[in-house]
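What follows is one structure encoded as structure tokens, with my remarks underneath.
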Amino acid sequence: MPSRSKSSQRWLKEHFADPYVKKAQAEGMRSRAAYKLEELLQRDRLLKPGMVVVDLGAAPGGWSQQVRKSMGDSGRVVALDILDMPALAGVEFLHGDFREQAVLSQFEAMLGDVPVDLVLSDMAPNKSGMDAVDQPRMMHLAELAMEFADTHLKPGGAFLIKLFQGVGSDDYIRELRRRYEKVTIRKPAASRKRSPEVYALGQGKRVQIK
């Protein structure tokens, strides 16, 4: 157990020394992940006034908060999560599992006939510390997010998702290329260097999968 204790202490020390953690606390953002998204949104100019943005696995709300901040009062931000999330001004939150038809029906009722312009997913499993367990779980969540975008994202729309580099990630990116005109892999500055995470961005959703 001592090694785990040292590891936990090291993580806590790094966490509280992290400039993005300090920035999030100072600016009232719910998570440091908001700054990963901020860089990606600006770099690829993903947001336009009046867009409809869906944030999958949104809790604690850092990404939804960043999108609302970036778009001002225009457009709609719809956040979904199986975990509860305290209310955010200008964000519509749906609490539930989007794999369930009842939750999807609620989502569709919320949107009405309004098309979705951008689907975001920063979902990740609770880590066990074993790649053989964590990577398949991560890829399963990624598959679910891609299926959601297949169904709900409008033609020409964009899909941004967090992936862990490892078994299955290359195949997943190939699947994205069948669905989107342009696929780019990003590693934002706020992403910890030792983390296996990258962000895959699909732009220009095809009408039909190639």
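A Cβ is built for glycine as well, from the same backbone N, Cα and C atoms used for every other residue.
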Seminar exercise, completed: For the S-adenosyl-L-methionine site that Swiss-Prot gives as Gly61, Trp63, Asp97, Asp122, the extra residue out of Asp73, Asp81, Asp134 is Asp81
Problem set entry | DSSP state at Trp63 (S-adenosyl-L-methionine binding site), helix/strand/coil | helix
Problem set entry | Euclidean distance between Cα atoms of Lys162 (active site, proton acceptor) and Asp122 (S-adenosyl-L-methionine binding site), Å | 5
Exercise. Sorted by position, what residues of the same chain at least six away from Asp97 (S-adenosyl-L-methionine binding site) have a C-beta under 8 A from it?
Worked result: Ile82, Val103
